[in-house]
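Trainee: Straight out of TrEMBL:
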REGION    1-125  region 'Disordered'
COMPBIAS  43-54  compositional bias 'Low complexity'
COMPBIAS  83-101  compositional bias 'Polar residues'
COMPBIAS  102-122  compositional bias 'Basic and acidic residues'
REGION    177-203  region 'Disordered'
COMPBIAS  183-193  compositional bias 'Basic and acidic residues'
DOMAIN    256-531  domain 'MYST-type HAT'
ACT_SITE  Glu432  active site, proton donor/acceptor
REGION    510-535  region 'Disordered'
COMPBIAS  516-528  compositional bias 'Polar residues'
Amino acid sequence: MYPRLLHVGSGSDGTEDSDSSAEREQTNSSESDGNIPKRTRLTRASLRLSQSSQGKLNVGPFLPPTHVDTLDVKQDESPPLTPTGNAPSSESELDISSPNASHDESLAKDPALRDSDKDLSHRPKRRRCHETYNFNMKCPTPGCNSLGHLTGKHERHFAVSGCPLYHNLSADECKTPTSRQTRYKEQVTEMRKGRNSGLSKEQKEKYMEHRQSHGNTREPLLENITSEYDLELFRKAQARASEDLERLRIQGQITEGSNMIKTILFGRYELDTWYHSPYPEEYARLGRLYVCEFCLKYMKSQTILRRHMAKCVWKHPPGDEVYRKGAISVFEVDGKKNKIYCQNLCLLAKLFLDHKTLYYDVEPFLFYVMTEADNTGCHLVGYFSKEKNSFLNYNVSCILTMPQYMRQGYGKMLIDFSYLLSKVEEKVGSPERPLSDLGLISYRSYWKEVLLRYMYNFQGKEISIKEISQETAVNPVDIVSTLQSLQMLKYWKGKHLVLKRQDLIDEWKSKETKRGSNNKTIDPSSLKWTPPKGT
């Protein structure tokens, strides 16, 4: 069974190429009725007008190569498609052409095309995929021509993350490993062959005795656990990290006692911290910090925390409760009205985020805090912040799920809620870059799920990236990057094709069925929120 090829293009009428209400009504009615939309003829003049005015990707009847650069691929030929790194424009479209679509006018004007069709007349009619592409989006790196990709798997790129020039490499170096790299890889593979499959009984007893004698005050015995090569790499990494810390300490960037907050007592949880947070010096010197889980005030000792909890009247975050379904609630907190709470929230978040730089200047931001309620109060699950006025339409500036709630679906709920707010605002949103490692994983997983769900539910014949973006509020660039990661966007002979992989859609559907119904989803009907004025 061959996968279905969708192609990238846009409206067929160049004179009303951007936001034609008649075209939209015709498409909507055809999708709802299950009928194939009527196809019209696209001239070169309308194509040029469309590309110059809107930068859109045009699709219409099958045009001869003398009129526009097109691609005609039979489904049974399996061309050597190569992935692309170049992103279509925000209004690019995917067109699933009808196998019985008539192209008599185009064939009559081009004898060469008519003769080529005669040669294939003995074959059964198959689905044709053709498209035009507008290369308006380029890599932002100065001097880069957008060719090549850091992974070596794509022929073009559109972001700095995949730019070979940004990483001081050439496109050819990324495609094929050098002979030195190949030899080194072979040596590493050979050295790792001596890895032990398991420990003997005597070794296990020795390791257990060492652990019982020293506990966490000593490093566990590492011999015979892995290959000598991997153990040597680990020792070198330890030495290098220790050397870097000593250099920073000598330079005064790390003072004695800073970054000493190893754990925090937060509600009924004791959490190990991951990164340094700029708490005041007298608190940063402590090995453990005590934090009120409701007002986020930080204290030095268990006694002070106990006295505070006896007097603290807070049982939920300040601000307005804009969402509630079951035990899950979301509160909108204004950084200008509740400055101390938001500053404490940022300091707490920095203990688990590496790239966060905002701590005290919280007034231009809104914080959306998700909580889980029980008989003692609303416990902090996670939050995300967004600018009140974002010129780049960022719908998330910083996002965090507390460690005790990770890997339970709350991260996707926060992301889904941020896009729900964008839908209410009638905007297309995207998270602010750079994303942390965990944030990037969460967002890629969310975009994949949204895209596969949309393609599974779509029953029409024509689909566009612009329509997907408007319905899901996901930025078109994020949609294209997700298609690339799923290997559903192919680049061949200067043209882009979308490969509809039914195996991925079926796999996603089976996981959804196994997961069943749970409360780890956002219900739009439970949102009681209007966009703040001035946003």
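Here, residue 1 is simply the first one shown, and the rest follow in order.
Any Cβ shown, glycine's included, is placed from N, Cα and C.
Note that the structure is a prediction, hence the values are computed from the model and not measured.
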Trainee: Could you give the mean pLDDT over the domain 'MYST-type HAT' (256-531), rounded to a whole number?
Mentor: 88
Trainee: Taking the Cβ of the residue listed as 'active site, proton donor/acceptor' as the centre, how many other Cβ atoms fall within a 10 Å radius?
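Mentor: Excluding its own Cβ, the number within 10 Å is 16.
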Trainee: Go ahead and report the DSSP secondary structure tallies for the region 'Disordered' (177-203): helix first, then strand, then coil.
Mentor: 19 helix, 0 strand, 8 coil
Trainee: Looking only at the region 'Disordered' (510-535), how are its residues distributed among DSSP helix, strand and coil?
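Mentor: Each residue of the region 'Disordered' (510-535) counted once, the result is 9 helix, 1 strand, 16 coil.
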